[in-house]
Amino acid sequence: MDCVKLVFLMLYTFLCQLALSSSLPHLCPEDQALSLLQFKNMFTINPNASDYCYDIRTYVDIQSYPRTLSWNKSTSCCSWDGVHCDETTGQVIALDLRCSQLQGKFHSNSSLFQLSNLKRLDLSFNNFTGSLISPKFGEFSNLTHLDLSHSSFTGLIPSEICHLSKLHVLRICDQYGLSLVPYNFELLLKNLTQLRELNLESVNISSTIPSNFSSHLTTLQLSGTELHGILPERVFHLSNLQSLHLSVNPQLTVRFPTTKWNSSASLMTLYVDSVNIADRIPKSFSHLTSLHELYMGRCNLSGPIPKPLWNLTNIVFLHLGDNHLEGPISHFTIFEKLKRLSLVNNNFDGGLEFLSFNTQLERLDLSSNSLTGPIPSNISGLQNLECLYLSSNHLNGSIPSWIFSLPSLVELDLSNNTFSGKIQEFKSKTLSAVTLKQNKLKGRIPNSLLNQKNLQLLLLSHNNISGHISSAICNLKTLILLDLGSNNLEGTIPQCVVERNEYLSHLDLSKNRLSGTINTTFSVGNILRVISLHGNKLTGKVPRSMINCKYLTLLDLGNNMLNDTFPNWLGYLFQLKILSLRSNKLHGPIKSSGNTNLFMGLQILDLSSNGFSGNLPERILGNLQTMKEIDESTGFPEYISDPYDIYYNYLTTISTKGQDYDSVRILDSNMIINLSKNRFEGHIPSIIGDLVGLRTLNLSHNVLEGHIPASFQNLSVLESLDLSSNKISGEIPQQLASLTFLEVLNLSHNHLVGCIPKGKQFDSFGNTSYQGNDGLRGFPLSKLCGGEDQVTTPAELDQEEEEEDSPMISWQGVLVGYGCGLVIGLSVIYIMWSTQYPAWFSRMDLKLEHIITTKMKKHKKRY
């Protein structure tokens with residue numbers, strides 16, 4: 001009996017201990033905790049390292065935070081944020097460090113690789129600063145989930161990743177410069193037979209697509225991978241496939257199956273924009289009854305919407321932009337579940353009445369079509385609309401009040417139409433972008449726009465907006481682009497417009513009626529790239545605080561009344577490419593320091609129509625390093641780049657080829673120097689000949705003297721040369737005939753002498769290029785150069801014809817000559833008969849008489 005009690009007691013104790021042990025969390029092994037702490041200490045915490053995080057599957061934004069900050073020795077690593085342990089053994093089996101703000105090098109011998117029992121590892125959305133992906137990732141033999149996406153890894157994806165045969169999810173997508181050799185791509189698909197999700201977006205694979213995909217695949221993301229060849233039809237018959245992304249592979253040919261796909265019932269998202277769609281959209285598309293998202297932009301589709309697409313009545317996101325589709329927009333009422341519709345850059349026409357039927361819309365982009373008429377004013381059901389883009393159509397009338405009343409509006413773009421009327425007050429408090437430029441809107445800027453907390457883009461240029469710029473604009477502390485140019489604004493520029501906004505990149509207040517001084521203080525650390533204030537009535541000096549604009553690429557203060565000397569300190573803005581101070585009251589000599597880096601990046605320098613004096617700024621001209629290179633690129637023209645040129649094109653007055661014009665975009669190869677209409681004197685520096693990339697040179701209307709430098713022959717891409725209205729002397733260098741790109745030449749009103757060079761380009765210039773130079777000779781002038789054939793003028797030709805065609809004068813001369821000859825002849829005959837003169841003289845006389853008679857007969861025949 002005692003034995004039974006003893007056994008029972010021991011069993012009871014064991015069960016209690018077992019229950020107690022199962023209820024307590026296991027402490028992770030000390031060596032694994034140490035490995036994690038060592039891993040933590042390899043990186044710093046930087047919020048910018050995870051500044052943009054989102055769920056790759058749903059694209060929903062995720063808030064980043066430093067998970068590793070909570071890691072310390074005083075607690076079990078199983079309780080640390082992002083660390084998950086096996087409930088039985090306490091081993092670390094999962095590590096979730098996505099969006100953890102980690103920054104630093106990821107070393108190949110990282111202590112992380114000591115966690116050999118890991119099954120899930122997520123390091124996405126950090127910044128590992130161009131680290132290589134270590135082959136040791138292939139040693140995690142138990143891994144089922146591996147996510148290294150968007151963490152700034154670079155280089156080749158190691159073949160050892162192909163050893164992870166248990167993987168269900170593999171995400172290695174990044175635009176930092178990852179690549180996967182074609183053989184390893186094929187090996188990966190062959191070995192990872194358990195894959196459910198494969199995401200290699202933006203990895204450079206440069207291969208055809210093998211057909212040996214895992215039959216378990218639900219998600220295949222291969223967008224932007226440089227794939228080519230023909231997509232295997234087997235991909236469409238993967239029975240579990242839910243999401244297929246192949247976008248931005250222009251060398252990839254996609255030929256959809258003509259029969260029903262095995263994935264028809266499961267496929268929910270299909271992204272094939274910017275690929276080569278072969279043939280027409282087949283009827284088999286009609287069976288994609290579960291399809292919610294279809295992206296087929298830039299696929300060279302043309303004509304009406306393919307009929308099979310009209311059967312996709314469950315579609316929620318539809319993108320058919322950048323094609324050649326046409327037809328009335330009203331047909332889209334059939335898609336009642338649509339939340340996002342993009343038909344941008346097609347040929348759709350008609351009105352917007354269909355908006356009354358699509359009440360679920362959240363995002364609508366119909367920009368760059370042929371839509372006409374006003375926007376209907378009786379629409380009331382679009383309370384969920386967040387983004388509305390109708391730019392570059394033929395819409396007119398006033399902007400209806402329901403647009404201003406949208407409670408959730410975030411982005412609005414109605415630019416490049418002919419809308420009129422006033423801009424009403426906005427109800428939405430969540431606006432981030434308002435673009436109404438290039439319309440006929442009038443009135444004042446509504447206060448509701450100036451009180452937005454998240455507004456980043458405000459583009460209202462090229463309208464008839466009037467009034468003062470309210471100081472309330474300084475409340476827009478998140479503003480990046482402010483474009484109010486080409487309106488009727490007046491008054492002064494609010495001092496705080498730049499001072500309070502640390503994010504402002506583009507400031508354009510050009511072509512208004514603004515007055516006063518530029519009294520804004522440009523603070524240290526600002527990120528301004530464009531300042532355009534030209535075409536106003538601004539006075540005073542160029543603010544010295546502009547030297548703090550270290551990122552400035554364009555400064556245009558032209559056509560104002562600024563009264564200052566040359567702001568030489570602007571040369572320390574090493575990003576500056578375009579500097580225009582034209583048509584002001586700037587004066588005095590242009591002085592420069594010995595710093596050879598000043599203005600080295602300038603591509604356009606326009607100081608014309610001022611009062612500058614003294615010699616030409618030889619040292620500054622010698623510093624223009626960018627102009628000392630010739631752009632030999634071929635293909636499409638490249639423009640001076642700007643990260644926001646999708647929204648904004650600066651308007652700058654360019655003087656070239658003898659004309660002024662407003663340039664919206666400036667070619668990267670456009671190198672211009674315009675110092676005309678000043679009081680510069682002295683010689684033209686020969687150092688200008690080193691600026692071999694120069695396209696336009698205008699030094700006209702100064703007091704320059706001396707000779708044209710022979711070094712100008714080096715300006716091999718020069719298209720326009722204007723040296724007119726100076727005191728330049730000497731000859732035109734014959735070497736200039738080698739300038740084969742020269743289209744415009746003006747050397748008029750100087751003191752040039754000698755022969756005009758001959759050549760393909762010089763032979764095309766008229767008198768106006770040389771007038772006012774009395775000492776010049778040669779084509780096209782009437783004065784000849786030595787050794788040239790006589791150039792017969794039209795007047796001389798007329799005179800010759802007149803003399804040749806006068807029968808009276810010619811006939812009288814012949815008669816007089818014949819009469820004299822007859823008298824002399826008779827006398828000679830008499831002497832010959834009387835004196836028996838030699839016979840040879842008689843024969844000569846007869847021959848002479850025959851010649852005269854023959855000429856008379858010919859003259860009679862002519863008339």
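Count begins at 1; order follows the chain as displayed.
Quick reminder: no glycine exception, Cβ is built from N, Cα and C everywhere.
Lifted from Swiss-Prot, the feature list:
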type	residues	note
TOPO_DOM	22-812	topological domain 'Extracellular'
REGION	24-91	region 'N-cap'
CARBOHYD	Asn48	N-linked glycosylation site
CARBOHYD	Asn72	N-linked glycosylation site
REPEAT	92-115	repeat 'LRR 1'
CARBOHYD	Asn109	N-linked glycosylation site
REPEAT	116-139	repeat 'LRR 2'
CARBOHYD	Asn127	N-linked glycosylation site
CARBOHYD	Asn142	N-linked glycosylation site
REPEAT	165-191	repeat 'LRR 4'
CARBOHYD	Asn191	N-linked glycosylation site
REPEAT	192-214	repeat 'LRR 5'
REPEAT	215-238	repeat 'LRR 6'
CARBOHYD	Asn262	N-linked glycosylation site
REPEAT	288-312	repeat 'LRR 9'
REPEAT	336-358	repeat 'LRR 11'
CARBOHYD	Asn378	N-linked glycosylation site
CARBOHYD	Asn416	N-linked glycosylation site
CARBOHYD	Asn464	N-linked glycosylation site
CARBOHYD	Asn563	N-linked glycosylation site
REPEAT	599-623	repeat 'LRR 22'
REPEAT	667-690	repeat 'LRR 23'
SITE	Asn674	site 'Not glycosylated'
REPEAT	691-714	repeat 'LRR 24'
CARBOHYD	Asn698	N-linked glycosylation site
REPEAT	715-739	repeat 'LRR 25'
REPEAT	741-759	repeat 'LRR 26'
REGION	760-812	region 'C-cap/acidic domain'
TRANSMEM	813-833	transmembrane segment
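Mean pLDDT across the repeat 'LRR 6' (215-238) comes to 95 in this model.
Helix, strand and coil content of the repeat 'LRR 23' (667-690), in residues and according to DSSP, is 5 helix, 9 strand, 10 coil. Listed in sequence order, Phe236, His237, Leu238, Ser239 are the same-chain residues at least 6 apart in sequence whose CB falls under 8 Å from the CB of Asn262 (N-linked glycosylation site). Sequence-remote contacts of a segment are chain residues at least 6 beyond its ends whose Cβ falls under 8 Å from one of its Cβ atoms, and for the repeat 'LRR 9' (288-312) they are 247, 261, 264-277, 280-282, 318-327, 331, 334-335, 342, 344.
Listed by sequence, the residues of this chain that lie at least six past the ends of the repeat 'LRR 4' (165-191) yet keep a Cβ under 8 A from its Cβ atoms are 56, 124, 130, 133, 141-157, 159, 197-208, 210, 212-214, 216, 221, 224. Ranked by CA distance from Asn563 (N-linked glycosylation site), the glycosylation sites Asn109, Asn142, Asn378 have Asn378 at the top as the closest. Tertiary neighbourhood of the repeat 'LRR 25' (715-739): same-chain residues 630, 656-658, 676, 684, 688-689, 691-709, 745-762, 776, selected by CB-CB distance under 8 Å and a gap of 6+ residues from either end. In three-state terms derived from DSSP, Asn563 (N-linked glycosylation site) belongs to neither a helical nor a strand segment and is classed as coil.
Of all the glycosylation sites given, namely Asn142, Asn191, the one with the smallest number of surrounding CB atoms inside 10 A is Asn142.
Within the repeat 'LRR 1' (92-115), the DSSP-based counts of helix, strand and coil residues read 4 helix, 7 strand, 13 coil.
Counted within 10 Å of its Cβ, the other Cβ atoms near Asn563 (N-linked glycosylation site) come to 13, all protein chains included. Of the recorded residues, Asn698 (N-linked glycosylation site) and Asn674 (site 'Not glycosylated') place their C-alpha atoms 5 Å from one another. Proximity of distant same-chain residues to the repeat 'LRR 22' (599-623), defined by a Cβ-Cβ separation under 8 Å and at least 6 residues beyond the stretch ends, is recorded for 558, 566, 570-571, 574-590, 592, 640, 652-655, 666, 668, 670-685, 687-688, 690-691, 698-699, 704. Cα of Asn674 (site 'Not glycosylated') to Cα of Asn464 (N-linked glycosylation site): a distance of 32 Å.
If one looks beyond the repeat 'LRR 23' (667-690) by at least 6 residues along the same chain, the residues whose Cβ comes under 8 Å of a Cβ in the stretch are 582, 603-616, 618, 621-622, 624, 626-628, 631, 633, 637-641, 654-656, 696-715, 722-723, 728. Cα separation, Asn72 (N-linked glycosylation site) to Asn464 (N-linked glycosylation site), rounded: 63 Å.
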